[in-house]
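Before I ask anything, let me first share the structure, which is written out below as structure tokens.
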Amino acid sequence: MGQSTPLLVIGAGLAGSEAAWQIASAGIPVKLIEMRPCKRSPAHHSNDFAELVCSNSFGALSSDRASGLLQEELRILKSFVIKTADEHSVPAGGALAVDRNKFSSYITKKISSHPLITVQRDEIHSLPFENQISVLATGPLTSEHLAGDLKNFTGLEECHFFDAASPIIEGESIDFSLAFRASRYDKGDADYVNCPLNKDQYLKFRSELLSADQAEIKDFEKGVSNLFEGCLPIEELARRGEDTMRYGPLKPVGLWDNRWGDLHDKELRKTKRAYAVVQLRQEDKNGHLWNLVGFQTNLKWGEQKRIIRLIPGLQKAEFVRLGVMHRNTFIESPKLLNPTLQFRKRLNLLAAGQITGTEGYAAAVAGGWLAGTNAALIAMNRKPITLPETTMIGALLNFISEVSPKVKSNHKRDFQPMPPNFGLLPELNRRIRDKRCRYGAYRDRALEDIKKTQEFLEIGTPLGFKNQ
């Protein structure tokens, strides 16, 4: 390849791990720099790569859902991280959830043992030299020093929002005389644990949330007031209205305990149906650990234990991890990046992952795949690629890197993190009224176009994909 100086990837999260793997798979040496354990972030719990600090779910599996389509596109593109997620999945109804510890441990071992990847455990205080091909994948928890240098480089204030993580409890501490196993509307296996609340229990729970003590905001987080709407703390939902939680993560619809009687008895349903339901999702293969779905929180740890133990079935809950809230950083990508994920003012510097303003694990992996692929192409003096806007990955990365025709000029003035969604895709050439059928048509078009991209990349194996 003629590339003697290793490429740099800064940050070994989901995006950085994927980027480093794609570069190495192209036969190009790469140095992956990770600041842990030299410096800890407020949210990480281990030194492993690709640690999942919030949920253990990559989102819906079905390819007629936005997150599922993005995952399927990544499988076609031979994503290392998504392949690992598939291999370490745990039951989660229609979602791709993983055993987070085994998932991250496997990625760490595979990357650390790759002959073309050198791992450096160190904090980077400034951006690489201008002649160094680099991928910036430091994530939403970018260190203060590097964030400051990035601000100087871009000439823009970085953007912030608060994100939060949910508690995890031991499965053995769940009281199944009150809780029950089921998936909503009985779709698939009974993969969730459900804790039903009646109206009095729900109102008591909400009242305690509203009066609970909050954890103190750290000095470096002061002045950041905005919360990310896709990951709101449960206490914030409680503040927004009496019914907000039970129309959100605590919604009871489609959940029935067979011990209550015949589901098809309408009169029985009226009297027995839960007023609200707290759901828990499996964390590990053996079902020893469970996370509370939608229970991101910034309550003090003692308050978390006290209030969660008010939930029927969790009165003796034993906690493995408690919820935390932390600041997330992202750049104003529409002003800074090309759809190739190259910085416009320095084309050999690329960005990937949540720091670019994509939201969700699978989207971070997608950014890592494209940034790593393009870094390898640049090293080979080849033209970087973009992905078709008809694909979920292409549409999402185009959205964050330029003003979309669907989003007028205010997009640049108020840029906020964006998850994958069908609203980003260009219209079909025919009108389809039924939403599920319409999403299916989007899926078919996207998968056809992403396969063409993969076939193009495999011509002459310029990136070595066939050897993965």
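Even glycines carry a Cβ here, placed using N, Cα and C.
Sharing the record's features from Swiss-Prot:
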type    : residues                                 : note
BINDING : Gly11, Ala12, Gly13, Leu14, Ala15, Gly16 : FAD binding site
List the same-chain residues at least 6 positions away in sequence whose Cβ sits under 8 Å from the Cβ of Gly11 (FAD binding site), in sequence order, or say none.
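Gly11 (FAD binding site) has long-range Cβ partners Ile33, Glu34, Leu136, Ala137, Thr138, Gly139, Thr142, Gly353.
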What are the sequence-distant neighbours of Leu14 (FAD binding site), meaning same chain, six or more residues apart, C-beta distance under 8 angstroms?
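The list for Leu14 (FAD binding site) reads Ala50, Val81, Gly353, Tyr361, Ala364, Val365, Gly368, given in order along the sequence.
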Would you mind pulling the DSSP three-state label for Gly11 (FAD binding site)?
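Note: Gly11 (FAD binding site) is coil by DSSP, not helix or strand.
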What other residues of the same chain, not counting Gly11, Ala12, Gly13, Leu14, Ala15, Gly16, have a CB atom within 8 A of the CB centroid of the FAD site?
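Output for this site, in sequence order: Val9, Ser17, Glu18, Ala19, Phe49, Ala50, Ala137, Thr138, Gly139, Ala352, Gly353, Ala364, Gly368.
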Among the binding-site residues Ala12, Ala15, which residue has the fewest other Cβ atoms within 10 Å of its own Cβ?
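Ala12, out of the binding-site residues Ala12, Ala15, has the fewest neighbouring Cβ atoms within 10 Å.
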Please work out the number of neighbouring Cβ atoms within 10 Å of the Cβ of Gly13 (FAD binding site), leaving out its own Cβ.
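For Gly13 (FAD binding site), the 10 Å Cβ neighbour count is 31.
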